[in-house]
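Visitor: According to TrEMBL, the Zn(2+) binding site annotation covers Cys113, Cys116, Cys153, Cys156.
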Amino acid sequence: MTHTHPQPASTDIEARLAHAENRCREHGSRLTPIRRQVLGLLLKHGHGVKAYQLVDEMKSLHASTTPPTVYRALEFLQAEGLVHRLDMSNAFVACSAQDDAHGHVHHGLLLACPRCNAVAEVPDEQMSHALAAWVHQAGYRLEGESIEIKALCPACQKIASATA
């Protein structure tokens, strides 16, 4: 699907990167330059991005970038709760939620468009917890830190209704 997604302002990206650096420091870890650049690319895109696209973009910044370098950065960013992996599309997206005042990490509730990889994180912690409780009540166990809901984004809905 070819349509554009709104891109965050560079000041928003810098603020989010500063938050990520502080969060890592509080957890006793470090947001290295490579990790910071990978997170910056995800923040710039604002939608799901496949790892090999990130590798290609990182190569434009550092010619010697290899896939394991990017995958290690993504694993670190996931462990820190700064990035979600979208199982549905095997892509990655920057987490849009901030920790609460006590540093508790949320369970992301993600709306993922299967046509264009747009992702919206639902900022409703009660909804996320309620869904997790329903899963548990049904005797299931959540796998992963996020819950993905396949849904057409507004842009893809417009395209679908224009061609219907």
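Each Cβ is built from the backbone N, Cα and C atoms, and glycine gets one as well.
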Visitor: Mind giving me a neighbour count for Cys156 (Zn(2+) binding site)? Other Cβ atoms within 10 Å of its Cβ, every protein chain shown.
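Guide: If we count other Cβ atoms within 10 Å of Cys156 (Zn(2+) binding site), we arrive at 17.
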Visitor: Let me know the DSSP-derived helix, strand or coil state of Cys113 (Zn(2+) binding site), please.
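Guide: Its secondary structure by DSSP: coil.
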